[in-house]
Structures are given as structure tokens and as C-alpha cells.
Amino acid sequence: MAVAGGKKMKKLQERVPLRRTAWMLAEFVVLFLLLALLARRATERDGGAAWRVALVCEAWFTFLWLLNMNVKWNPVRFVTYPENLAERADELLAVDMFVTTADPVLEPPLVTVNTVLSLLAVDYPDAGEKLACYVSDDGCSPVTFYALREAARFARVWVPFCRRHGVAVRAPFRYFSSTPEFGPTDHKFSEDWTFMKSEYEKLVRRIEEADESTLLRQGGGEFADFIDVERRNHPAIIKILWDNSKSRIGEGFPHLIYVSREKNPRHHHHYKAGAMNVLTRVSAVMTNAPIMLNVDCDMFANNPQVVLHAMCLLLGFDDEIFSGFAQVPQKFYDGLKDDPFGNQLEVIFKKLGNGVAGLQGMFYAGTGCFHRRKVIYGMTPDSIGTGREGTTGSRSSKELQFKFGSSEELKESARNIISGNLTTEPIVDISSRIEVAKEVAACYYENGTRWGQEVGWVYGSMTEDTLTGQRIHSAGWRSTMLETEPLPFLGCTPTGGPACLTQFKRWATGFFEILISQNNPIIATIFKHLQFRQCLSYLSFYVWPVRGFVELCYSLLAPYCLLTNQSFLTKASEHGLNIPLALFLTYNTYTFMEYLECGLSARAWWNNHRMQRITSASAWLLAFLTVLLKTIGLSETVFEVTLKEKSTSDGNGNNDEVDPGRFTFDASPVFIPVTALAMLNIVAITIGAWRAVFRRTEDLRGGPGISEFMSCGWLVLCFLPFVRGLIGKGSYGIPWSVKLKAGLLVAMFLFFSKRD
Ligand SMILES: O=c1ccn([C@@H]2O[C@H](COP(=O)(O)OP(=O)(O)O[C@H]3O[C@H](CO)[C@@H](O)[C@H](O)[C@H]3O)[C@@H](O)[C@H]2O)c(=O)[nH]1
Ligand SMILES: [Mn+2]
């Protein structure tokens, strides 16, 4: 319990270890079977190339299993008590809230608008003074700007409405997707509700009908900055859409500021990480809140109390070191039933998320995270706090310039943050800071500074989030995980084959970029403060692309053996124990039970299992190749933004023809490997069966057994969406170019494995 000034205070949070004895036992059984498999392989006859490849792969799987056990071993959950904040109201910190958007087509402005409105309407004492919302628009779109301007107008009625009636979900599209039941005394409420709904519908219409060229021609002076701009080549545009200090509405609501950073084709803009760094600087010279919340444009606040809950984790420890940042697990709205694309990540966040939360702390997941500004500025736990300030308070201007760049205002704000001097008067007139904000949003501002390295979001990986979180952990901070009921934030997850695999490919690419760079976590463990078990947890994700390669090799073994009449799996031992079979059964039962425990269906388990095989052989494998090509300078990695669909939850499922859960394809190379594997396994089963039926038995000695057939059969089952895609039509069919290339690969494989 925290004690301050001798007075005992009620606790704000509790770290609860989760019990899991049965799971630990099950994990040991799997480990034992893996080791038994390895031992038999190492001691038995040498079965040639296939046997040796299998040995290497299985050793790798054992290593992975150990990594996996490490992450899951000591899970915790954090419980928060916002009601206890009442006695500490004066300690509540100011929060700058960031929203990023990059493309008005892939990310419809209405989606961003809803996210912004949900943030403007959160419950927080003095929200108008303590909170500010900044939107970064990498698309530099007048339509997005217009949508936000209209949203700011709408917020003047929306926020008071939410407060007056204690609205539960403050993203209007979500709130108005159902009609509440009005009681007999709810006269005023039902009137207000009907009015708000019609206002929202008007807002939607204005935004959806907005058209870029009309806005530029008739929109007036506000749009002048957008005339003749190119998306990748324009000066910084910063506009204040709502300045709360000039408002006369009740207690008001957070400032709203539109930021489109300067872009120049000769200057690398570092995608989202670059956008986050600009937001950090712009907010520093305007409101300079000590806490920064960041969300993607599709992640609305689903719980109006979320900032209060976060405060519990940020203020609730005796030492800040235990809570460098507070991350919310990503959850999605309107997810397809049974997770057909395996990207709702429920079990991942539950098992691995809570697991790593019990080590050095939850990873930073890029959205739904509350950061401390000083931590983002690269401060270490021992350079601050209880009498250890040393020289930090009196940092020289030169030192600050070297790190933060030349802006006097930015240096001054950073000095306040570093010295913990937060009592200085907040900047009252944010509009007087626009020119300074533009200066720090310029693309050359970072040249010769430490932005993107020790300061801000770290550059050099497509998964800037994980890398930035890793830097924070390496500095010695721990982090926490914020779980609330109702869930804190909800976002979109893509559907359809191309979008899902692109997203997995980006993540895997980013992970591999970290693994093979100087940011490798092993280095951080040796030379910095990254804890050993935390490092292993990071590694268990960073090796995804390597897994893609190893799992490809392993999945080629069964078809290879069927084609060449040999075996690679050990048969039953003297004691009658068929190790591969036992392993197959226990492992799958274990993962199956995980899904049941998380309240998911058997179908969801199967879909995820199958998607993992598909993702591994497509997205991860391609990420492996892309990064290898990048290191030899033959390729570049780019951040491909995922499509955010507008909500389809209008309830009248008039999509009889389209089946959103069915796998779709395009001509992207990401589909080639799995298509080839699906073809190869079918061919192998056919040839193997033909041989088994028509050849004499002595030919079959040492040849493939039932295990090899089962392996191939299981893979065909996993790749069933692709088998269907071979004959499917339209976007449900695999394009001819992909089939052709895959067929060529299969033919090559058959040619090289022809032996007898
Ligand atoms: O040049 C860019 C590219 C992207 N974004 C924004 O980055 C966010 C994430 O992009 P999205 O396409 O939605 O990717 P996801 O795969 O859904 O994002 C996950 O993975 C990313 C790392 O790959 C993290 O940055 C995200 O926070 C995390 O939610 C969105 O708000 C984009 O607008 C930019 O601001 N500028
Ligand atoms: Mn997203």
C-alpha cells in the first residue's frame, strides 16, 4: 500500500499472480516428449538427409517450446481501483492523446472521427484543461481535415450529451448501432437521444459526401494550405480545431489539433514512428503533458473511464520504475465468428500477454498505450526520482540541443519534463504556438539529433512499437498491462487473405529487422538492463520469420519421404510408445484447452491452428526472404497500411452472396509457397498410395509408414482454404499466375527428389 506524507492511502492497483499448475505439468509432458524424440533420433540409425533435417528442425522446435514455456510461466493480471483516485484528485496527471491516420481511402475519415470523438468524451476531472487530442494525418487529406473540423463541432453537443446521460460507449457509430430501451420516466433522455442520433446522421452524411476538389474550391481559407499539395511533398500543416481555453461550454472538453507533418521525397519519413515523433514534439511545445496516450485511428475508447484506470497503474506504485508504461491488450470489434483468419489474437494476448506482464512487463503494442513522456525521452529509472536527480535538472542547453534539436521552446519543455518540474503554468494560449509547432514538424528537424534513437519512437523496424518498448525495458523500466471491464479500447482487424497476410508479413518483417540489427535483445541484455527472461520473450516473437523457414523445411519432409519411399518419423518404441503421435496428440490437446479456457470455440482453435500453418509458410517465409534481400541491398521494406472497413453492424445481414470468413486471394507472391505446398502434398499422397497398393511388400521396408501419410493429410487439411482456392472463382480463386509459379516449384521439387 502506498504511503505518502505519513498518511496511508487506499491502493490504486493490485498485481495478481495467476495460478496454473495443471498447465505447467502439461508443458513438461510436451517438453519430455520433445526431448524423447530428439534422444531417439540422435541414438538411432542415421536415416540419411531427411533424418538429419528432421533432427535439426525438431531441436529448433524444442528450443521454441522452451521459449514459449518461459513466457507463460509466471503470468499476472493487474486490477485497478479508480474509485480510490478520489482522494488523490490533485495528483491526476495531464494526458496528451495521439491518433494516427495515414490514408483517407484505407482508413475512412469517419473511422478516425469516431475514435477522436470517443477520446474527446472520456471521463476525467478537468478534462478540458488536462487532456488534449492530436491527430496526425500522413495522408495530408483535406477530407480528413474537414471530417475532423465537423467532428469538433459535433463534439460540442456530443460530449455534454454523453456526460449528462452517462453514455457507456462514446464512439457514436457504436452507440447508435442499437436503440436503448426508454423507460416511462426517460422522457428527456429519449428526446435528447433522438436529437443526437439525427445530428450524428447529418455528420455522417456531410463526411461521406465530402469531396476533395469541392472542398478545395469552396471550402474557404481553411483549406488554402491543402491546395496543390502532394501527399509526399508538402510543408507542415497544423490547425487548431478546438481550443478549450476559448470555450464557454460547461467544463469543456480536450483541445483538438490537426497535424500533417512536412514531407519531402528526399527525406525518409519513417512511417508511423516518424509520425509519432512529430506528435511528441508538437504536443511538447503546445501542452507538454507528462503522459501520452496513443491509439491507431480505428481504436476507439470503449470504456469512458479508461484514462482513470490508466492513472491507477501510473500513480499506484511506490516507485515509478514498476510502471514505465501501461499497455492495453488489443481487442477488436465486430470480429468474424470463430476467427477464420486467426488474427483476433485473443489467446496470444491472454497467455503470452499476461505471461510477459509477469516478467519485466507487457510489450508495447503500438496502440492503446499510456507512455510517460520522460521515458519516451530516453530517461532511465536511476536518473530520476528520490534524490538521485544529479545533474539532470540542470541539463545544459547544448546537451538538450544534441538530443532534442534546436527549438528553444522544445528544449524548455523537455527540461521541465526531465526535471519533473510539472507545476509550471500550462501554456494557456496554444494558438500562439502554431509557428513553433510547424518548426518541430519539419522533416529536417531531426537531422543531427537523437530522435528515432534514444529519444522518441525508435526507427529501423516495421514494428516500431515492439522496438520502442524494448528500448524502454532495456533502460530498466518495467511495464504494466491495463485490463478493464468493459474493455478499454476496441479496433478493427483485417479480413480476407491478402490483407491478413500483409499484416502478418509486416509484423514478421519488423521482428526480423530487429533480430538481425544492433537492436538485438541479446545485446541489450548483456550491456543494458533488459532482463534475461524478458529477452527470451522478445526472441520468441522475433524468430517468426526463422520459424517460417524451418517449418517449411519440416513440412517438406513428409511429401519428400512419400515420393522417395523412405521415412523420417520414428516408429513405435519397444514399449509401444509412438513418440511423434503422442507429441502430436498432447500438443494439440494443450492448445485446444487454451482456447476453451479463453472461452473460445473448437472451431476457433482449428481456424487459428490452420492459419498459423498458413501464415508461417506465407507471410513469415516472405518476411524472411524480404529482410535477407534488404540486407544485401536488393529490396526495401515498406509499411503497408491495413484497410479499416466501416462498420457493417447494421444488423440486416444483406450480404447473402459474400462470405467474409472465406479465404480470398490475389496475385501477390505471398500466396505462392502455400499453393505449392498444398499441391505437393496432394501429389505426394497420391504417389505414395499408388506405390503402397501396387508394389510388393519388400519394396516397402524402411519406406514411409502411416505417420508420413498422416503428416501429409494433416497439412492438406490445414491448407484446405488453398485447396478450395485452386478451383475457386473470382477473388475466392487463386490467380493463374500464382498457380503457374507454384506448379513450377512443385515440378522442380519432384524432379530433384526422384530417386527410384
Ligand atoms: O506511414 C504511416 C503508416 C501508418 N501509420 C499509422 O499507423 C497505424 C497502424 O497502421 P495499421 O495499418 O492499422 O497497422 P496494424 O497492423 O493494424 O497495426 C499494428 O502494428 C503496427 C506495427 O506494425 C503498430 O504500429 C500498430 O500500432 C499496431 O496496431 C495506423 O493508425 C496508421 O494510420 C502512420 O501514421 N503513418
Ligand atoms: Mn490497425
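FYI, residue positions are counted from 1 along the chain as it appears here.
Each residue, glycine too, has its Cβ placed from N, Cα and C.
If you look up TrEMBL, you'll see 21-43, 49-67, 617-635, 670-694, 706-727, 733-752 marked as transmembrane segment. Look at TrEMBL and you will find GLU107, ASP138 tagged as UDP-alpha-D-glucose binding site. The active site feature in TrEMBL is assigned to ASP138, ASP465. Here TrEMBL flags LYS272, ASP296 as Mn(2+) binding site.
Tertiary neighbourhood of the transmembrane segment (670-694): same-chain residues 497-498, 501-502, 505, 552, 555-556, 558-560, 562-563, 565, 614, 617-619, 621-622, 700, 703-704, 708-709, 712-713, 715-716, 719, 722-723, 725-726, 734, 738-739, 741-743, 745-746, 749-750, selected by CB-CB distance under 8 Å and a gap of 6+ residues from either end. Only LYS272, of the recorded positions LYS272, ASP296, ASP465, have a C-alpha within 10 angstroms of the C-alpha of ASP138 (UDP-alpha-D-glucose binding site). Within the same chain, residues at least 6 positions away in sequence whose Cβ sits under 8 Å from that of GLU107 (UDP-alpha-D-glucose binding site) are THR101, GLY139, CYS297, ASP298, VAL641, LEU643, LYS644.
ASP465 (active site) and LYS272 (Mn(2+) binding site) have their C-alpha atoms 9 Å apart, to the nearest angstrom. Ligand 2 lies under 6 Å from the Cβ of none of the recorded positions GLU107, LYS272, ASP465. For the recorded site, GLU107 (UDP-alpha-D-glucose binding site), the DSSP three-state label reads coil.
Cβ neighbours within 10 Å of LYS272 (Mn(2+) binding site), excluding its own Cβ and spanning all shown chains: 23. Around ASP296 (Mn(2+) binding site), the C-beta neighbours below 8 angstroms that are at least 6 residues distant in the chain are VAL99, THR100, THR115, GLY366, THR367, GLY491. The DSSP secondary structure for ASP138 (UDP-alpha-D-glucose binding site) is coil. The DSSP secondary structure for ASP296 (Mn(2+) binding site) is strand. When secondary structure is read from DSSP and collapsed to three states, ASP465 (active site) falls in the helix class.
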